[in-house]
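Annotated features, as they stand in TrEMBL:
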type: SIGNAL; residues: 1-22; note: signal peptide
type: DOMAIN; residues: 23-320; note: domain 'Plant heme peroxidase family profile'
type: DISULFID; residues: 33-113; note: disulfide bond
type: SITE; residues: 60; note: site 'Transition state stabilizer'
type: ACT_SITE; residues: 64; note: active site, proton acceptor
type: BINDING; residues: 65, 68, 70, 72, 74, 86; note: Ca(2+) 1 binding site
type: DISULFID; residues: 66-71; note: disulfide bond
type: DISULFID; residues: 119-316; note: disulfide bond
type: BINDING; residues: 161; note: substrate binding site
type: BINDING; residues: 191; note: heme b binding site
type: DISULFID; residues: 198-230; note: disulfide bond
type: BINDING; residues: 243, 245, 250; note: Ca(2+) 2 binding site
């Protein structure tokens, strides 16, 4: 049995963490920075005109940020001599891109509302706009998050799934964050836009389950297409469309899964796994139902918080004061 003083300490820490949780609501900046969402949307739109792939990249920032100790902008922090950040974590290195878009948004917001809008909130707003501006649904986002003072590569490595993951693993992972199986399948629909690296599909093409053979669930014609785009000995950083309409947020991703043309193993198993197949079929047949479930999942994910102390960073890549300290060292 735990010592009474230890129990008291745990209760105190739990209460402190709970009190540190931000009260998130859509009107958080209505008085302090009423143009915040408009600025984010305009910069996001310009970034997409310049590089269409940035929409998918920025949308995924919400996933990779929120799953690692809550939606706190920790993903955006650069490494320091004393901290290994999350950008070089296994699921992020050579995969996540477009950090400069968040920098551009932050600069534009700071010019109008200095030290008001957090980087964590910018990620949430920009992810929503990336979806809406590519044909997907629009929804009101809750705001009022603080930016983390730290980041953890280890935590990211321990939490984020790999392309080899299957539906069972994803159900359990999302469940840890109070996200249902329906939420997980709908949120996997984020792969409606964007591309994936050949690295992520090589084992499916040539050595599924260490068999020395391709994944039998792959449509033969699709496998031949992937063989040409991702040959053995080829550039594993080359990219392939995640579905047949990679610039449009729609339900084509789910139609592709039904046709056994899912790019990632973690995608295709959503159709081969009995617990998730019904949702894949539903979303493949009813785009509005997919959009509704996706929005619900994104809002629930956006509510994830660690309860740790935070701030509103002036530069999303460094904690406040650190940039000046770095300059003084030189």
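Even glycines carry a Cβ here, placed using N, Cα and C.
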Determine the most Cβ-crowded residue among the disulfide-bonded residues 66, 119, using a 10 Å radius around each Cβ and all protein chains in the structure. 119
Top of the binding-site residues 70, 161 by count of other CB atoms within 10 A is 70
Nonlocal residues around residue 68 (Ca(2+) 1 binding site), in sequence order (Cβ under 8 Å, 6 or more apart): 74, 75, 86, 152, 155, 156, 159, 160
What is the number of other Cβ atoms found within 10 Å of the Cβ of residue 316 (disulfide bond)? 22
Could you measure between residue 243 (Ca(2+) 2 binding site) and the residue listed as 'heme b binding site' for me? Cα positions, answer in whole angstrom. 7
A correct count of other C-beta atoms within 10 Å of the C-beta of residue 191 (heme b binding site) gives 24
Could you round the CA separation between residue 60 (site 'Transition state stabilizer') and residue 191 (heme b binding site) to a whole angstrom and send it over? 9
Taking the Cβ of residue 33 (disulfide bond) as reference, which residues of that chain separated by at least 6 in sequence fall under 8 Å from it? 109, 112, 113, 116, 117
Rounded to an integer, what is the Cα-Cα distance in Å between the residue listed as 'substrate binding site' and residue 66 (disulfide bond)? 13
Which residues, in sequence order, are found in the same chain with Cβ within 8 Å of the centroid defined by the Cβ atoms of 243, 245, 250 at the Ca(2+) 2 site, excluding those residues themselves? 192, 193, 244, 246, 248, 249, 251, 252, 253, 255, 256
Where among the binding-site residues 65, 72, 86, 243, 250 do you find the Cβ with the fewest other Cβ atoms within 10 Å? 250
Nearest of the recorded positions (70, 191, 198, 250, 316) to residue 64 (active site, proton acceptor) - Cα to Cα: 70
Show me the subset of 71, 191, 245 whose Cα is within 10 Å of residue 65 (Ca(2+) 1 binding site); these are the recorded positions I mean. 71
If you compare CA-to-CA distances from the residue listed as 'heme b binding site' to each of the recorded positions 66, 71, 198, 230, 245, which comes out shortest? 245
